[in-house]
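Asks: One structure is given below, represented as structure tokens, and several questions about it will come after.
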Amino acid sequence: MASKMASDLGEEFLTCAVCMLHFRDPRILPCLHTFCRECLQLWSTKQQPLECPTCRKEVSLPDQGVDGLKTNFYVNNLLDFAAAKKGAEPGVPCQVCEGGREQAKLWCTDCAMLLCESCTVMHRKVPATRDHELVPQDVLEGKEGMEKLHRKRYCDKHKSQELVFYCESCNVLVCTSCAVINHKPGRAHNLEEITTVAQKKKEMLRRLLQGIDPRLEEIQDSVKEVEKTMSKLIPAKEVATVQTQAYFGQLVHLLQKREKEILIQIDEQCQADGKTLQAKKDAMEFELAGLTSAQTFCQQTVEHGSDVQVLEVGNQVQTRIETLLTKKLDLESKWSEFQFEENTAATAFADEVENFGGLKTDVDVSKCDVIVKPAVQGFQCFAVLTTVDRGGCPCVTNRKAVTANMKDPSGINVTPKLQMKSGGVWEISYMPKVTGNHSLEVKVNSQQVEGSPFDVKVQERETPVLTIGRKGSGVGELDEPLDVAVDTDGNIVVVEQENKRVQVFDGETGVCLRGFPVGGEGPFGLEVDFEGRILVTSLGECEIRSYSKEGELLNSIDIQRDCWCPSGAAVLQDGRMVVSDSAQQRCLLLEHDGSLIRDIGTGQLQFPSFIAVDESRGAIYVTDRFAHKIFAYDLEGNPMLSFGREGHGDGLLQDPAGVVLDPTGNIVVGNAGDGRVQVFGPDGTFIRNVATVTGESAHGLALTPDGYIAVACYKGHCVEKYRYM
């Protein structure tokens, strides 16, 4: 069997995959791939750590390096057998005698060389080789030739001694001398003959071999399955491509059709306006010619006519000119003033386009992720599910594949709504009616996603969902926070009066992202403009400082000529600014460079503080802390509204400070005197209380894009975030 196996092996089995030559001193890697010793040494100098050149598995070399790897004696035997088989063929010369004139007849298993009859005689006479095993030609040609060619293994310490024992205690092969000297049988060393140990090892390996075929079959079946799946890729791609092109082709056709319709409308309207204007022009030119002619005739009559002629034609001329002058003419060049109107803005359409079509894929439920956002009683609350494929990428799935169920603390169902926002992202919305721990179950393909059911703690309306900071001067700590704003990234920006700095916090987690010092005796007002710049006012400093997101001072706007004590500030979209001046008891509308446009509220305001602007309504709102009122003016400085009176009840104001406007036009006011945050309608009518903040001193307010309100708690030395919408 071994002889047949060896004869059936091709050259590739005896060839090193690195040098592509027959193996020279073949060494085995832990992954069981074999390479020449020299090739591995060269390979190891190019790579650290060493990787198998065939399977790329990382190899940990022994302390001796490549020399410490085991020799592949099986490959050596195969090489010997191949050489010996070749020697058994007619005409193969002896490898010992000079010139190789004689034909080889035997194979020395110890020297691994072919010998002729003469060299064989000498080989048996020389003391050093007389004990070598010589295999004759007829044996090489027989079935047992392979077994006869195994090279004998000699001890490294006793070169002439063949390895005949195995020390199980030391896990090494030893010779007779080693068995007497270094591995004497006893408690420390358990010696067995190699044949016995090898037989046991063979039996163990045979049992392992029995498990290989089923495993091979399993892997081969999997390979076939993968190949079968791979064969579906191109057809699936082609079908999806055709469907996509057809779908978007229809959309393009609809857009082109609509474009053509509008272009026709433009052309028709242009022609209609052209005809109308041309008719007007013709009529005007006709009247112009008549009036010019009458003017000329009248002038000639006056200048050159005799008295008789004047009297003869005077009445006629008078009548003609009076008729022309009193004739009603349409002298305006009115037209339809047609222009293209988007109706749907291109940017909004671009967002919608992302939802056109989509790719449905298989979801790996074990990798899907759910983020539960803070939940507040009586508000629309949300959780976000991301469906993920086997590769860990967000993927689209069928609407019916996703389910969400919720129960309140009493086990009563709360019906959530599902909406797919974009590629693999689903919004789960619900409105809890009671506080306490709710259970949210989310399934994809009828399987629970990891972490489901989720514990959702529903809080009361007046409980903050996030508290940022505590009293101190360290990173993330706050001391007398006076104003807040939300930057273009959704982060919460805070200015501290005592620490004289600005800090930027993550709007979701409250983690401090960065901070930077600001000038001035008492930093007060804070605003983030439409380009993301941070503007800061300071009591006692007649300037407005502008900083980058990172805190770099960009410029200082000098306003000392018109403003004595700037406090609150607001920026309009065109760059103009509104600043309150408590010292002069007025507000100022300024150009972007700080030059005065006009003053607002002079003679009406007692102590103007914080400012909010509603450009859609052209209104400026300012809190007056001494009057306990809110005043509203238009951008021309005309009074629009005022409301409020001192007190601690609903709708009453106690030292009103921060003010902000929600998207519906409601006015939100924070009381510095009692910490209440209240909501008033556009006409000043009280609507509701939001909360009473920690420290009972609410100052700056800011609304977040996702419906929360951040409040600067001046005496509480923190910023609290509440659900607002």
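From the backbone N, Cα and C atoms, a Cβ is placed for every residue, glycine too.
The domain 'RING-type' annotation in TrEMBL covers 16-56. Residues annotated as domain 'B box-type' in TrEMBL: 89-137, 150-194. Residues or ranges marked as repeat 'Filamin' in TrEMBL: 402-458. What TrEMBL lists as repeat 'NHL' is 465-508, 601-636, 640-683.
Let's see these features in context: how buried, what's close, how far.
Replies: Beyond the domain 'RING-type' (16-56), the same-chain residues lying 6 or more positions past its ends with a Cβ under 8 Å from any Cβ of the stretch are 65-67, 69-72, 75-76, 79.
Mean pLDDT for the domain 'B box-type' (89-137) in the predicted structure: 75.
Note: the repeat 'Filamin' (402-458) comprises 0 helix, 36 strand, 21 coil (DSSP; helix = H, G, I, strand = E, B).
Same-chain residues lying 6+ beyond the ends of the repeat 'NHL' (601-636) with a Cβ under 8 Å from its Cβ atoms: 483, 525, 567-573, 578-582, 584-587, 589, 642-646, 652-661, 665, 667, 669, 672, 680, 682, 684, 699-701.
Secondary structure of the repeat 'NHL' (640-683) per DSSP (helix as H, G, I; strand as E, B; remaining residues coil): 0 helix, 22 strand, 22 coil.
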Asks: Would you mind listing the long-range same-chain contacts of the repeat 'NHL' (640-683), meaning Cβ under 8 Å and 6+ residues beyond its ends?
Replies: 483, 609-614, 617, 619, 621-625, 627-634, 689-703, 709, 711-714, 722, 724-725
